[in-house]
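S.K.: Pasting a structure here, questions to come.
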Amino acid sequence: MGKGFFISKTLTIAGVIVGAGAVATIIALSVVYSQEKAKNQEVKPTNGGTSPPTTTQVTPWDPWDHYRLPDSLSPVSYNITLWPRLEASRSTGLYIFTGRSAVVFECKKPTDLILIHSNKLNLTLINGHHARLTGLDGATPPNIKDSWLQPVTQFLVIQLDGRLQAGNRYELYSDFTGELADDLGGFYRSEYFVGEIKKVVATTQMQPTHARKAFPCFDEPAMKAVFHMTLLHPHGTVALANGMNVVDGQDVTQTSFQATPIMSTYLLAFVVSEFDFIRSPEGEKIRIWARKQAIEEGQGDYALEKTGPILEFFEKYYTTDYPLNKSDQIALPDFSAGAMENWGLITYRETALLFNNASSSNADKEWIATVISHELAHMWFGNLVTMRWWNDLWLNEGFATYVSYLGANSAEPTWNYTDLIVMKEVYKVMSVDALASSHPLSTKEQDIMQPAQISELFDSITYSKGAAILRMLSEFLTEPVFARGLSTYLNTFKYGNTVYQDLWNHLQTAANLAPDLELPASIEVIMNRWILQMGFPLVSIDTTNGHITQNHFLLDPESVVDRPSEFHALYLIDDASSLYSDTHPPLKMIGSDWVLANTKVSGFFRVNYDTANWERLLTQLSTNHEVTFNHSLHTKLALRTTLYLQKEREYMPWEMADRNLGYFFLMFDRSEVYGPMRAYLRKQVMPLFNHFQAITANWTKIPDNHLDQYTQVRAISLACSSGVPVCEALMTSWFQAWMKTPEKNPIHPNLRQTVYCGALAAGGVEEWNFAWKMYKEAPIASEAEKLMYGLTCTREPWLIQRYLTYCLDPEKIRKQDATFTMVYIAGNVVGQSLVWDFVRANWNYIYNDYGSGSFSFGRLIEGITRRFSSEFELKQLQQFIKENSDQGLGSASQAVEQALERTKANIKWVAENKADVFQWFTDNSKLI
């Protein structure tokens, strides 16, 4: 039998959360709602969703007013030459690039219209028109009648006086100039300093819709073509692109590149810089590029060490060779995402590729291994085989997120890294997917048209829920069957485009060939319930009668879901009987044994039990805490699961407790509940703090085990934040020692972010100014990031206000870091209202000057509003939406909708639970 989501009864469980070795204390945001009330009511399924609420849309009359390309033309190849100027124009002060492009395309249907994407390019007129059209292989082209740019839909429109003929090939040539701006999208400019000398890098970020800012192109994933690139650049610089470089030229260096495989425009990349590189032994063609100082200091060594083994892992996993003849990876000073899987030239933030043994932490190393693994996974899944349209982005990114844990685990087998997917992906995304304003993983193509709508898809649902659902599928198919289906899928569709049903078909074929695998329904029937409707189920188990039911789990059970679903929010949990009903076969009970379900959290659902079984579980927890919960329960009952934490020494339980108790702190750190709540946490964490003080010889050593190192950091962080006096004194003394000898930081890299935050919270302007100076002088980005976070922890409002003004000054805070800095400030109870006022006052500037390519509006709104829990804050949020209704909220539209729902739910929950929570913490914070 194949694995499924089966209810399991266990008398003793050791390390059941994928080998973590201890209980995971789960009190998710959604868990804090009163489930006792809900379970006594009749279970009525709530509609999930496959489509958004019905709205009236005006169908554009002219083809150029649509956002999608027509199917009349298909690109074959591009020949592109670009010349970025790495010095600003003396007359305008602008950095620019010039270029020329010739795209060969085939006519699929007769047409007298050419639509090709072009955005923010100044096209040189040729004979009075924006481009020149020629016929190939004897084809006679019609004359151009008219041409113009359509800014809203980002098209170059070319009307012809006759029709292009189906089956013929033509070439469209254009000359153009563009700005090499610092907006982190398309062909853009990144800067850094070597001493007092500013260095400029010309680099790219094409995903999702920015290739059209670099050259006119058919900028959709299914419009694959071959690219021939040439870059002109100053002597002393090096040029890179997807293919291997061939250097020529006199006045300027001319570098041409091997033609790419047939691929999508969003995977194109090119860079001009003064960077240096290290490489693998001859034949493997792996190169790590970065600033010369970073390469000289060995900051690329770890990435080089792990890239080869991870590539080998995926070649075996996919049973398909790496498709290219080289793999360049480059660390950029300015980059909007974590990394980008450009085929053959992967671009990274410096924090995601560079590692320094003297100043980088084990968390930095883990992040680098994970991001490299994620991007290399895309070389096959996403690049070799590509989604047809962005509505299936979840399959591309969800898959890479899931297998990134497998690849990183193969490179660092002692980390037990696959265990952490539950905490980092599954539990994290459930708090979002429990909102009525969540969205399905997959939607209809026609629902995702505009660039802002595409950008909104790059969210936690796409990445984390996508990973959780595919992990669940792999679990019940078994990993060997899953991998076999992937292999045939990749080989069948290589260099092509697919929809998600194509993958289901190949996995189904692999499942049919597995003799011991029995499924209750086809993979498509099973999985459609998980990807075509939003949300996830709450499985309720009543051990008094064995009844099992399910219903759509919502943060606020009374919220209205307005996305219709043919499945009525029912999911396949156990066997075929659950496909069309919310009931399951009764569970057979034995005596007074306790029951625990979904122990590996392989199923994407939460579980609730009757009160008697909860009491048995709590008794078991108090006597033997080697047991794992993945459940939903009443607030007081949930808090009781934390009572045992005084006995806990493992990472996973403490990390989950910290994350989920964090919700209580967000709701109550401005109220009278905060005092006893903080006292309770201090009482619970003291044994853990004392334990690590003892085993590290009074903090002079670092534990050997990877997860123990994390637990040490968590012990110090919680002890200091909860007011353990010796902890605050410890952090302050470490920081003061560093201030006395700035050239030698005595704080271990693992502890730096925590220590910086604690010391700056306890200190004043002197400490803040010192940290700011060290931030600006940091030799590696990961150290700068720790200081950037620590600076947000000050309790001085005027320093926070100063820091906020820095956020919109790229000379002080890089544009790539502005969002993170403001969100970090919002995490500080002193800074939360200040950053909210600041963002509202500067929204027009942020929206227009930073742009969607460099600023994650969704992340900003979510981070600032997560503490909102009052009617006053709700009205402020509603007023913010009203004031910006004319220009819109861009890619933050969905995040604002979710913020409204979350705020209303927070208000309701605080009103219902504040008195009980205050009393519980008061009663349990007393020292015995």
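Each residue, glycine too, has its Cβ placed from N, Cα and C.
Because the structure is a prediction, the values reported are computed rather than measured.
Just lifted these from TrEMBL, have a look:
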type     : residues               : note
ACT_SITE : Glu375                 : active site, proton acceptor
BINDING  : His374, His378, Glu397 : Zn(2+) binding site
COMPBIAS : 45-56                  : compositional bias 'Low complexity'
DOMAIN   : 302-530                : domain 'Peptidase M1 membrane alanine aminopeptidase'
DOMAIN   : 594-904                : domain 'ERAP1-like C-terminal'
REGION   : 40-61                  : region 'Disordered'
SITE     : Tyr463                 : site 'Transition state stabilizer'
TRANSMEM : 12-33                  : transmembrane segment
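For each listed feature, how buried is it and what is near it?
M.R.: If you draw a 10 Å sphere around the CB of Glu375 (active site, proton acceptor), it holds 28 other CB atoms from the protein chains shown.
With a cut-off of 8 Å between CB atoms and residues at least 6 apart in sequence, the same chain places Ala339, Glu341, Ala400, Thr401, Ser404, Gly407 near His374 (Zn(2+) binding site), listed in sequence order.
Non-local contacts of Tyr463 (site 'Transition state stabilizer') by the CB criterion (under 8 A, 6+ apart in sequence, same chain) comprise Glu397, Gly398, Thr401, Glu425.
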S.K.: Within 10 Å of the Cβ of His378 (Zn(2+) binding site), how many other Cβ atoms are there?
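M.R.: Cβ-Cβ neighbours of His378 (Zn(2+) binding site) within 10 Å number 25.
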S.K.: Roughly where does the domain 'ERAP1-like C-terminal' (594-904) sit in mean pLDDT, to the nearest integer?
M.R.: 90
S.K.: What is the set of residues, excluding His374, His378, Glu397, whose C-beta falls within 8 angstroms of the centroid of the C-beta atoms at the Zn(2+) site?
M.R.: Glu341, Glu375, Ala377, Phe381, Gly382, Asn396, Phe399, Ala400, Thr401, Ser404
S.K.: For Glu397 (Zn(2+) binding site), list the number of other Cβ atoms lying within 10 Å of its Cβ atom.
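M.R.: Excluding its own Cβ, the number within 10 Å is 24.
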